[in-house]
């Protein structure tokens, strides 16, 4: 028990000379607010997805609904588990020595922090890839992207995130109690061992890779939608183009803004080793920013399309005095429109037929 690498005492060294003093009432308030808002937002998103899946069981929407459901369910459990542990720590006055003698709670907390941090990022990148394939290769998407394949991808993503989260435990490297004594993660203070640096850099690199894949795929999807919009003169898909472009921009902005501070902070700690000047307050601020991504995910993917953009177009058309878009177009299925317009633009036979038809027949 006198060994510094003993699992029973792992992480307790930071409790002796902590330099991070957080206001208990404010910290508890933040934890409860984040937990409550996250649970309510993701629960509402799950209800909307269930209703959408019951109403629309088309093959083209099955993959999107499954991936979106996996994302919001992961965010929901992340808020439930991590939020419950955080509230328990605050309720126990952050006395880890009293309730965490065997370091089990800290290990569980650290595993959950890593898993529920990386898994939504991975799922967001998978959704971006699926959306890119659905828009650029609709025929391939409709024939190859089956529900069984999507479920396999969901399982593989979750297993990979679990593997990353369990790596320190499998290597007998216990998760560390952070300087604020409110959460557990990889070792972020006095990082000198190469393995501790490796975990921090691995987490950051995987997070940045997921964001880069999402950015690239969403950019390709947006460019493709713009090209289809200018190439095809059909009014049917016009509202969908505006809707998807705004949604893609929102997804990229929210993910990058929320996750970049935390990923950059972890990367700097891993690169600078023990010379890192990142303070506890900086790490806590970056962590809270990352938590907001899980709160905003359901609003960006689900509610933003149905609740905000429709009213935004109504207000814009009213202020400008121009009837921009017929409101009934908002009731059309977004994925159905994107597949239909993209398939028409890619098919040479269909494009020839469309060019020969009058405008009245194109609207039918």
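Using N, Cα and C of the backbone, Cβ positions are placed for all residues, glycine too.
The domain 'G-protein coupled receptors family 1 profile' annotation in TrEMBL covers 41-301.
Marked as transmembrane segment by TrEMBL: 26-50 (among others).
Feature annotation from TrEMBL assigns transmembrane segment to 62-90 (among others).
Taking Cβ pairs closer than 8 Å, the transmembrane segment (102-129) reaches residues 7-11, 64, 67-68, 70-71, 74-75, 77-78, 81-82, 85, 96, 153-154, 157-158, 160-162, 164-166, 168-169, 174-177, 183-186, 203, 206-207, 209-211, 213-214, 217-218, 221, 251, 255, 259, 290, 293-294, 297, 301 in its own chain, all 6 or more past its ends. Residues annotated as transmembrane segment in TrEMBL: 102-129 (among others).
The feature transmembrane segment is assigned by TrEMBL to 150-170 (among others). Proximity of distant same-chain residues to the transmembrane segment (150-170), defined by a Cβ-Cβ separation under 8 Å and at least 6 residues beyond the stretch ends, is recorded for 62-63, 66-67, 70, 74, 107, 110-112, 114-115, 118-119, 122-123, 126, 130, 186, 199, 202-203, 206.
Under the heading transmembrane segment, TrEMBL lists 198-226 (among others). Taking Cβ pairs closer than 8 Å, the transmembrane segment (198-226) reaches residues 114, 117-118, 121-122, 124-125, 127-129, 131-132, 135-136, 164, 167-168, 173, 186-188, 191, 241, 244-245, 248-249, 251-252, 255-256, 259-260, 262-264, 266-267, 269-271, 338, 342 in its own chain, all 6 or more past its ends.
The transmembrane segment feature in TrEMBL is assigned to 246-271 (among others).
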Quiz item: Mind checking which residues reach the transmembrane segment (62-90)? Cβ under 8 Å, same chain, six or more beyond either end.
Solution: 24, 27-28, 31-32, 34-35, 38-39, 42-43, 45-46, 49, 52-53, 96, 105, 108-109, 112-113, 116, 119-120, 123-124, 126-127, 130-131, 134, 141, 145-147, 149-151, 153-154, 157-158, 181-183, 294-295, 297-298, 301-302, 335
